[in-house]
Amino acid sequence: MAGGRVQLELSRVVQGRARLGVLKGLGRTGQHSLGIPGCLLYTHFGTVPHLTQETLHTITNLPSVTQVTLSHIAEHQEVLEEFKDGFKKFAGLHDTVLYCSLHDPASPCPTGYTTNKTASVWGSGGRIEVSAAKFMALQKTVQPDWYQSMADGETWQAGASRKRVRKSVDRTLAHLDECLLLHQKSQELDGTAVFGVVEGGDVLEERVRSARETAKRPVAGFCLDGFQTDAMDGDLRTQLVTAVTEELPEDKPRLLQGVGRPDEVLACVEAGVDLFEGFFPFQVTERGGALCFRFDIHSDLERAGEEVQPNGGPGCDDRTQATHFEVNLKDKRFQDDFRPLVEGCGCYCCQNHQRAYVHHLLATNELLAGVLLAIHNTSHYQGFFRALRDALAQDKLDLLKKRLQMGGEEN
Ligand SMILES: [Zn+2]
């Protein structure tokens with residue numbers, strides 16, 4: 001029952017691990033599907049920041065799964081209980097699959113607040129302690145189609161002791177068992193899918209144990225936690241993710257939490273990951289950036305010059321700093337740049353406005369700046385995932401990798 005009706009149909013597995021396929025039977029009525037590799041739609045309390053539902057739906061190829069986080073919802077439990085009809089209706093969401101995660105991937109939460117029986121989430125009013133009973137009571141009021149089981153994910157920072165990591169794996173398994181028990185007794189959650197959480201910090205043996213034990217439970221899929229971009233060296237992440245995915249059943253999806261940079265997404269797809277959280281375009285939008293990296297795998301790469309080096313630099317792992325996948329439209333050099341954000345982009349922003357105009361909106365703190373950037377960045381990021389699936393289908397992963405190394409240097 002906790003597995004819901006999610007079905008994964010794999011059409012190709014490239015180089016032994018990178019998976020191309022479709023998740024089918026999503027949502028309470030099973031009418032939705034999602035291509036993998038894919039990403040979820042990132043929201044704050046059900047809303048893509050800056051965009052109304054109407055504006056959002058001007059973007060083509062939106063993911064069919066919307067992510068909300070308990071950290072945004074927990075403090076509104078009484079209101080949702082009173083409302084009775086679930087979060088989807090409360091937030092005016094139509095025609096989407098609702099996934100509820102524990103934390104917001106764009107807001108790392110403070111550590112030191114978990115116990116054997118509780119985890120903590122941080123809302124706008126501060127910390128809220130959640131036991132498994134409260135966690136499940138919240139899920140009953142949210143009524144998601146999928147949710148992430150409760151977890152102790154506080155071992156993502158480097159330097160967590162082996163003993164602490166082992167405890168986090170044990171606690172997370174105990175939370176999962178308790179959640180599954182309550183889930184199976186709940187009529188409200190009939191048809192809802194549970195994703196078990198794989199922990200284990202940077203300890204290989206604990207990662208493997210966590211994956212093996214979680215896979216024994218009746219879950220619909222797996223969340224790989226503790227691999228956040230600024231927490232772990234890329235090579236170590238790839239090595240650990242590979243070890244984890246080798247332990248997981250092939251017929252269930254793997255969602256990697258906290259990783260969104262295009263080059264890191266690609267590396268993790270090669271390590272066997274299917275799904276990602278879509279917070280990266282939001283972070284770029286908040287710093288006044290426009291995604292401009294290239295992912296076209298159909299034109300001639302040689303002509304574009306393979307020698308160009310990425311300009312991300314060592315500081316680009318910091319979530320607050322620009323990556324080489326974007327341009328900072330606050331920069332004065334854009335004040336008389338009358339090109340669209342990206343030549344050939346079909347989004348509303350690029351079809352109707354130029355860089356100079358968005359620069360002006362940013363310089364004068366106009367709300368429309370965030371709206372236009374959110375439209376373009378969401379659209380561009382989804383385009384990247386489409387290209388990733390095409391590259392897997394056409395054996396062009398290496399070409400896509402070269403494209404990503406070039407970033408947006410021509411801009
Ligand atoms: Zn655009």
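Keep in mind that glycine also has a Cβ here, set from the backbone N, Cα and C atoms.
In the three-state DSSP scheme, Cys345 (Zn(2+) binding site) falls into the coil class. Sequence-distant contacts of Cys345 (Zn(2+) binding site), defined as residues of its own chain at least six apart whose C-beta falls under 8 angstroms from its C-beta, comprise Gln351, His376, Ser379, His380. Among the features that TrEMBL reports, Zn(2+) binding site is placed at Cys345, Cys347, Cys350, His376.
Look at TrEMBL and you will find 18-404 tagged as domain 'tRNA-guanine(15) transglycosylase-like'.
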(request) Only counting partners 6 or more residues apart, tell me which same-chain residues put their Cβ under 8 Å from the Cβ of Cys347 (Zn(2+) binding site). (result) Thr58, Ile59, Ile375, His376, Ser379, His380
